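**Q** The structure is given below, and queries will be raised subsequently.
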Amino acid sequence: MEGTIKSKILDADGIRRAVTRIAHEIVEKNKGTDKLVLVGIRRRGVPLAERIQKYIEEFEGVKVPLGILDITLYRDDLSTIDIHPVVHETDIPVSIEGKAVILIDDVLYTGRTARAALDATMDIGRPERIQLAVLVDRGHRELPIRADYVGKNLPTSRREVVAVRLKEVDGEEDILLLERDDINIK
Amino acid sequence: MKWQRKDILAIEDMSVEEIRHILHTAKVMKEILMRPIKKLPTLKGKSVVNLFYEASTRTRTSFEMAAKVLGADTTSIAVAQSSVSKGESLYDTAKTIQAMRADVVILRHPSSGSAKFLADILDPAVINAGDGQHAHPTQALLDIFTMQENLGKLEGKNVVIVGDVLHSRVARSNAWCLQKMGVNVTFAGPPTLVPVEMEGLGVKITHDLDSALPGADIVMALRLQLERQKSGLFPSLREYSHLYGLTTERLKKTGKQSIVLHPGPMNRGVEISDDVANSVDALIERQVTNGVAIRMALIYLLIGGSSNVVA
Amino acid sequence: MWWLKDVWVIDPSQKISASRDVLVKGGQVLEISSSLTEKEVLEKAQGESLETINGKGKFLFPGLIDVHTHLREPGQEDKEDILSGSRAAVRGGFTTIMAMANTQPPIDNRALIEFVCRQGERAGYAHVLPIGTVTKGMLGSELVEMADMKEGGAVAFSDDGKNIQNSEVMRLALEYAKLTGFPIISHCEDKDLAGEGLMRRGVASGRMGLRGIPASAESVIVARDLILAEETGGKLHLAHISTTESVELIRKAKARGVDVTAEVNPHHLIFCDEEIGITDTALKVNPPLGSRGDREALIEGLRDGTIDMIATDHAPHTQAEKARPFAEAPFGIASLETALSAVWQYLVLPGRLSLDRVIEAWSDTPAQRFGLPGGSLKPGTLADMVLFDPDFSEVIESAKLVSKARNTPFLEKTMQGFPVMVWVEGRLVQRDRTVI
């Protein structure tokens, strides 16, 4: 990890509670599951979306459709980043025409990923509405974007890093706050 | 993997890993082509120049579409053929393109090696869209992409390429590409068009098509340039067609539901019978889409990040 | 007067290959001796100023004679001219060069022969000896005025660059040239077999999709010309031999007593077709580079005397002409300035050829065959000679080359073994790699 650990924000139980709450809020706010399509943003948005799908199925008895979105081709920083990003597949198995699409990601920060995800989603179809669910909102928005569902609001400084670790991806399950080692980062 | 290649000139010097990476990226691109809105912001502000010294509507359009879907601007320079000063104009044109600050140049040229020649001069990336009889890497990649869609894993499969191998860049690039992916390749045709030195590509060669067909998963017919008859390379279309024309009857010898491919345009009734040509036609829509997807993948890989842009 | 002390003299014409002292006076070799004292030398100088060169570790041999150079004048002076070409010659160790006739217009009459001689004298570096064409306009049909051209200074006849396709014309040429005593130099290439080919036909051409020229394109004409030479009793010299079959045909013809000699170019002894990259127009040459096997056969042929001479086939072209896709670039390698070094580095140093054999094939033999002055350091002969430093190394750089052409595969490469002093008729024309 890129820095020194300052504190643990949530442990596995904390994450479970936060995601379960988000699942409930999604159903409540959309008045049921009829129009829902869950879309996980690669990479950690995908296991989160799968968990939300599972929780909704547990308490509503309905398996809400689930898709995967890769936003690489929509990034606005392609010509400035040094490492050539590998594109992955976008796989949304159902039509999103007229649906309520819930974009799911781990951390909301500048808002640029969410912006790219919105553009990508709208190229795929014309949903009735799009909402955004994130596990952590750490502030410092650079675009007029806010999340509809937030697991944990976490005020941070730009020098800090929020590391979300999920079992499926990282083998660990927690959220950590780190201090960057290199001071010169903007 | 980290992509480090500046140009796409030939399959011969590519690694298996690179080919897999291109095919993987093309798969993503193909999904985008299936969307109602086929337009990405990815390469906004980048410019792609099509430089075609040979007429080829299909390949040029395919590259143009690929660039446009990715959000790049495209310019086409169709160069009239002048037999005397071709080389000079390629060098001079290269200098002009350099001044235009293009990001990618797509070159189709009648001289083998012209793509590398251009790439050595230019800072922008160069994609070889066919250079003489040397290479046609994007065609080979789209063919293998289609084969993979149809057959899944290609390792151990058998491909027979029939026809004028000697003069074919498609045959050369396909031979390299397929063999790198573990496919067994046989070249079939008359000894004048499939000479013994072609074994240097690592393929099997045969002059008896019928003996090569059993077990073939894919049969690819090459376009027979009719002027080769005048050069004495084969005596008549009738005899050629009799020995090497793909017919439904002959294809039964594969003992499989083999796929037939043809880089087009087809001489119906010569290298391919009408009914077999129809089965090729059935694949054409998919081949066209796959062609755009492969070319999108390549353009993206070459100029999608900053690491490959020469300052 | 020059006194070259303790230098290794190689002079095949006198069968010398030993450490000697050499004195040069009045433009001529005065004496070759195993040891001279300063007193003896001063006596011989008779008051003339004396320059003494310590030749230890260096070789002295007769100035090389190149029987095959293209100087492009008249007509293509953007590629090379007689002045730049003869400067390049002395920089490379050649004191006599035979200028090929395929200029624009071709050298097919006495006036043009005399023009070339005159330009060579004006330049004042290597001796420039013109080769006349065999046929008028190099069109392959009517013979030139050979006797008249001999009077004007021609030393041989050749339609080099083009093969004489018509066998009857070739037969007549071999017959008629008897009047002059000169050989017909044949560029063996069957036009139909060569077709639009770009390199030797083989695995490499097949792999790159570059149109191939089969080895037979040369060998069938070699066979034809040998048969015609045998039948007519004419003198035949075969230019730039490049195939195994040609070597074998020549070997057999010589055994039968056919009056034939043959030359080989350094590049055919050094490179082979597998080494050509698809944009390496510097290696695009005619006849094309052959296979590894051909290269071996040529070296063996040169060793056993089947091939008599080495010749550069110096073929200068402009950079713009070579900076083209392979198919569109002209054939040819500019090699006067690098040929000797290349042969030293790639053939002599690894022990493939002896330096003695190389010097014989590049000086004495050509002089004998074409009846030329030079090629020997016998006392009393004109002092055309080369001091060769086997340890001198140099990067082949555009700025240093004095030829107008840069089409050499050695460009930007470091090479070792160069002529460091060159005399023409006793006059120093090159010192420390600089043409004077």
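Note: Cβ is positioned from N, Cα and C throughout, glycine not excepted.
Among the features that TrEMBL reports, domain 'Aspartate/ornithine carbamoyltransferase carbamoyl-P binding' is placed at B:6-149. Marked as carbamoyl phosphate binding site by TrEMBL: B:Arg58, B:Thr59, B:Arg108, B:His136, B:Gln139, B:Gly264, B:Pro265. Annotation comment: TrEMBL describes B:Lys86, B:Arg169, B:Arg223 as L-aspartate binding site. Under the heading domain 'Aspartate/ornithine carbamoyltransferase Asp/Orn-binding', TrEMBL lists B:155-302.
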**Q** What three-state class does DSSP give B:Arg169 (L-aspartate binding site)?
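**A** The residue in question, B:Arg169 (L-aspartate binding site), is helix (DSSP, three-state).
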**Q** How many of the residues that make up the domain 'Aspartate/ornithine carbamoyltransferase carbamoyl-P binding' (B:6-149) does DSSP mark as helix, as strand and as coil?
**A** 67 helix, 27 strand, 50 coil
**Q** Listing the binding-site residues B:Arg58, B:Thr59, B:Arg108, B:His136, B:Arg169, B:Pro265, which lie under 8 Å (Cβ to Cβ) from chain C?
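**A** Listed binding-site residues meeting the cut-off: B:Arg169.
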**Q** Going by DSSP, is B:Gly264 (carbamoyl phosphate binding site) sitting in a helix, a strand, or coil?
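**A** Looking at the DSSP assignment, B:Gly264 (carbamoyl phosphate binding site) belongs to neither helix nor strand, so coil.
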**Q** How many other Cβ atoms are found within 10 Å of the Cβ atom of B:Thr59 (carbamoyl phosphate binding site), counting all protein chains shown?
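**A** I count 22 other Cβ atoms within 10 Å of it.
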**Q** With a radius of 8 angstroms around the mean position of the C-beta atoms of B:Arg58, B:Thr59, B:Arg108, B:His136, B:Gln139, B:Gly264, B:Pro265, what other residues of the same chain does the carbamoyl phosphate site pick up?
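**A** So the extra residues in range turn out to be B:Ser56, B:Ala129, B:Gly130, B:Val170, B:Pro263.
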**Q** Average the pLDDT scores across the domain 'Aspartate/ornithine carbamoyltransferase Asp/Orn-binding' (B:155-302) and report the rounded value.
**A** 94
**Q** In whole Å, how far is B:Arg169 (L-aspartate binding site) from B:Gly264 (carbamoyl phosphate binding site) when you measure between their Cα atoms?
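**A** About 13 Å separates the two Cα atoms.
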**Q** At a 10 A cut-off on CB-CB distances, which of the binding-site residues B:Arg108, B:His136, B:Pro265 has the highest count?
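**A** Counting Cβ neighbours within 10 Å, the top one is B:His136.
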**Q** Let me know the most crowded of the binding-site residues, choosing from B:Arg58, B:Arg169, B:Arg223 and counting other Cβ atoms within 10 Å.
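**A** Checking each of B:Arg58, B:Arg169, B:Arg223, the winner is B:Arg169.
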**Q** Taking helix as H, G and I and strand as E and B in DSSP, count the residues of the domain 'Aspartate/ornithine carbamoyltransferase Asp/Orn-binding' (B:155-302) in helix, strand and coil.
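**A** The breakdown for the domain 'Aspartate/ornithine carbamoyltransferase Asp/Orn-binding' (B:155-302) reads 70 helix, 23 strand, 55 coil.
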**Q** Calculate the distance in Å between the alpha carbons (Cα) of B:Arg58 (carbamoyl phosphate binding site) and B:Arg223 (L-aspartate binding site), and round it to a whole number.
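**A** About 15 Å separate the Cα atoms of these two residues.
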**Q** Under 8 Å between C-beta atoms and at least six apart in sequence, can you list the same-chain neighbours of B:Gln139 (carbamoyl phosphate binding site), or say none if there are none?
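**A** Counting only residues 6 or more apart in sequence, the Cβ neighbours of B:Gln139 (carbamoyl phosphate binding site) under 8 Å are B:Thr59, B:Gly130, B:Arg169, B:Val170, B:Ser173, B:Asn174, B:Pro263, B:Gly291.
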**Q** If you draw a 10 Å sphere around the Cβ of B:Gly264 (carbamoyl phosphate binding site), how many other Cβ atoms fall inside it, taking every protein chain shown into account?
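**A** There are 14 of them.
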